[in-house]
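Everything on this sheet refers to the single structure shown next.
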Amino acid sequence: MHAAPSSERRAPRHHVLIPCAGVGARAGGAGPKQYRSIAGLPVVAHTLAAFRALRGRFSTLTLIVSADDDRVGAVLPDFPVLAQGEHLLRRGGASRAATVHNGLVDLRARGAHAEDWVLVHDAARCLVTPAQIDALMVACQDDGVGGLLAQRLADTLKSSTPEGRVSATLARADKWLAQTPQMFRVGMLLDALERAGDTVTDEASAIEHLGLSPLLVAGSAQNFKVTYPEDFSLAEAVLLARRARIAL
Ligand SMILES: Nc1ccn([C@@H]2O[C@H](COP(=O)(O)OP(=O)(O)OP(=O)(O)O)[C@@H](O)[C@H]2O)c(=O)n1
Ligand SMILES: C[C@](O)(CO)[C@H](O)COP(=O)(O)O
């Protein structure tokens, strides 16, 4: 096999995959958390807005929902804008990893190259900003592995006994909380997820299974994932404060 002549090679493109097929069991309430309204818009609409603000940087943006999702059309009436490379994939899996895997298979089938970059971002992580996404892209663009936004721990870290008592205080200088987006090469991530299986809870874990070490890019505590009932009011407060700052 010969390498493609330089005239046939092209610069790697960037794709976005947004897994949006979870049920939100920990959040409680009626229906999946990504469709609940905060600060006047559905959670996933805030997420989409952050990526749409960087639209020229991405060749495609795919939202992956469950096959039986009957809400997305009403919740996001202006999605997908096909002319802007947006795509709705009704192929969520039983786990987040399976959903992302389905998205990558579809991306390859639609022409993405193995060397292209993909940014995977939780629909439920609706406070991400264009500046944070840009910081990840800049940090990873010349990296041989890729990386993820992550946050250093602000608190003392404990491990526990099965009875819920402290068993030890752990060193935390080398501990980070993994966030999204997570940015890797399409082919490498697909291979990694196929080898790692469905149990990994983020893309970086799958890449680690290959023996590689993703780059940690400092994010923000505000880029938290809406997971528990109290997260909705916190996320809303942050979004309203940002809006008030813009209005000043
Ligand atoms: N089978 C799944 C599970 C999760 N997700 C998505 O992955 C993101 C992060 O997952 P998490 O917060 O765990 O969401 P849920 O699985 O919905 O929440 P829970 O675990 O509380 O049910 C969310 O945007 C969720 O919609 C997905 O696309 N497919
Ligand atoms: C990918 C992730 O958002 C990184 O923090 C997170 O692991 C996904 O959530 P889950 O609750 O582990 O499915």
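Sequential numbering from 1, following the chain as shown.
Quick reminder: no glycine exception, Cβ is built from N, Cα and C everywhere.
In TrEMBL, annotation is done automatically, which means it is predicted and not curated.
Positions annotated as site 'Transition state stabilizer' by TrEMBL: R26, K33. Residues or ranges marked as site 'Positions MEP for the nucleophilic attack' by TrEMBL: R172, K225.
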For a Cβ distance below 6 Å to any atom of ligand 2, name the recorded sites from R26, K33, R172, K225 that qualify, or say none. K225
Taking the Cβ of K225 (site 'Positions MEP for the nucleophilic attack') as the reference point, list residues of the same chain whose Cβ is under 8 angstroms away and which are at least six residues distant in sequence. D122, A124, R125, Q179, T180, D231
Select the most exposed residue of K33, R172, where exposure means the fewest other Cβ atoms within 10 Å, treating these as the recorded sites. R172
How big is the Cα-to-Cα gap, in Å, between R26 (site 'Transition state stabilizer') and R172 (site 'Positions MEP for the nucleophilic attack')? 26
For R26 (site 'Transition state stabilizer'), what is the tally of other C-beta atoms lying within 10 angstroms of its C-beta? 12
Would you mind sorting out which recorded sites among R26, R172, K225 put a C-beta under 6 angstroms from ligand 1? R26, K225
For K33 (site 'Transition state stabilizer') and R172 (site 'Positions MEP for the nucleophilic attack'), determine the Cα separation and express it in whole Å. 31
